[in-house]
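Reviewing the structure listed below.
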Amino acid sequence: MALCCVLRPPRCHLRPPPLALPRLPAGRRSLVTTTAATWEGKNKARVSCSLPEPSWEERLADAVTPLWRLPYQEQLQVKYETQRKILQTLASRLEELGIDAQKPGGLCCPLQPVVPSPIINGYRNKSTFSVNRGPDGNPKTVGLYVGTGRGRNIVCVKANHVENIPSKHKQVAQCYEEFIWRSPLDSCILFHEGGHWRELVVRTTSCGHTMAIITFHPQQLGQEALATQKALLKEFFTCGPGAVCALTSLYFQESTMTRCSHEQSPYQLLHGAPHIFEELLGLKFRISPDAFFQVNTAGAEVLYQAVGELCQATGDTVLLDICCGTGTIGLSLAHRVSKVIGVEVVEKAIEDAEWNAAFNGISNCEFHSGKAEAVLPQLLASWEDARPLVAVVNPSRAGLHYRVVRAIRNCRSIRRLLYISCKPEGEAMRNFLELCCPPDPKKKLAGEPFAPVLAIPFDMFPHTVHCELVLLFTR
């Protein structure tokens, strides 16, 4: 089947608008204070010396990976200072609740140095690329955003120079752009204005597997027209220029929403295997299109080994893995404990977790599919097991639902809790206070409060301002 080609529109040479830094919550403004001041000084020097404006690629790198210009050891120091201020904030908030939590340095607990990532560049195993107008006006540019919707200055810039994205991801993005450039169908920039081609997700593994997931807005297209587009897409990536990507899996999802789960609109496999596979700490893990997996595989190995040590698990310990994804934490620690109980909202991730356990010959794990706030209270309300119970929670940036925190507080068997957060200054801070506040009958918090005893940051995201904070609570 021949692919349709269209002429490129004339290129418009646009001058880059000033890039506004996104407004950060009060607790996070200190994240980039040093870095922003440094770049502000450099920009003033650039103006005074009549140096050229930064390129679009530099602007994108500054927006997505704001620490990329710093030597790595300086990046770690910036992140350490950020985590130190977060722990100071937590100590102050606990003091407001009448809890004497002040430790040396004004922290709520000791803070260890940031554990570095084993890989600094190209570490991401998952990247999401948008489709929108580029600096030259091309509405079919595949890349990442510079600017803000509020400022109405969003520009989509190719990610060729973003250091945390691996070359394979960039290659797939470039091929996808070539495909939609040839397509007679428009890109979908605003849903109500029509258009079809939307974002691209690329997932890769250390086993050499590559999965591409393409989102498509069907608008008013019928099934025959949709089938034609899927056939063209498959042909391009298997027999055409996109074959160079050597995709393990090619998925297609029709979506009329900004974000859409498999349950809302199934991922359609156009080519290859339904899953890709990753190896971590000697185990093999199956990954579905929308299953959660730590974005830095090498960093995840370091993180999970530390979590295993902090659990202080013995042969009779039961490990409660909340927001377990594909089961990576629980399965990697299964040999240390008597039983693992995992809870995860994404049904396909639970299917992966169960497959992972069976494939790796692990029989002491059970996984529950559903929202943690629905599953966990029922699970813990009838808990009568005398074995020690250790909880590990690794929620999204939205944090844990209040009913989950309440169930943990009210379960006397949980004496040790590890909270893993990539945004501890956000909703996780609310969870920390709920875990540590005095008993409150009005909120049905009858259980003994927890106390933070140790914090360890892990740099899972080099070149960005983020890291993964592991906060150990005991009672």
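Yeah, the Cβs are placed from backbone N, Cα and C, and that goes for glycine too.
What you see is a predicted model, and the numbers here were worked out from it, not measured in a lab.
Features reported for this protein in TrEMBL:
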BINDING   Gln294, Glu344, Asn394  S-adenosyl-L-methionine binding site
DOMAIN    316-379  domain 'Methyltransferase'
ACT_SITE  Cys422  active site, nucleophile
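Locations of recorded TrEMBL features on the structure.
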residue: Gln294; record: S-adenosyl-L-methionine binding site; contacts (Cβ under 8 Å, 6+ apart): Ala300, Leu303, Thr328, Met460
residue: Glu344; record: S-adenosyl-L-methionine binding site; contacts (Cβ under 8 Å, 6+ apart): Phe292, Cys323, Cys324, Gly325, Ile350, Ala353, Phe367, His368, Ser369
residue: Asn394; record: S-adenosyl-L-methionine binding site; contacts (Cβ under 8 Å, 6+ apart): Ile322, Cys323, Cys324, Gly325, Ile329, Ile420, Ser421
residue: Cys422; record: active site, nucleophile; contacts (Cβ under 8 Å, 6+ apart): Arg397, Met460, Phe461, His466, Cys467, Glu468, Leu469
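Residue counts for the domain 'Methyltransferase' (316-379) under DSSP (helix as H, G, I; strand as E, B; rest coil) come to 30 helix, 16 strand, 18 coil. Here the domain 'Methyltransferase' (316-379) returns a mean pLDDT of 94 for the predicted model. Summary of the S-adenosyl-L-methionine site environment: with the site residues Gln294, Glu344, Asn394 set aside, the chain residues having Cβ atoms within 8 Å of the Cβ mean position are Phe292, Phe293, Cys323, Cys324, Gly325, Thr326, Thr328, Ile329, Ile420.
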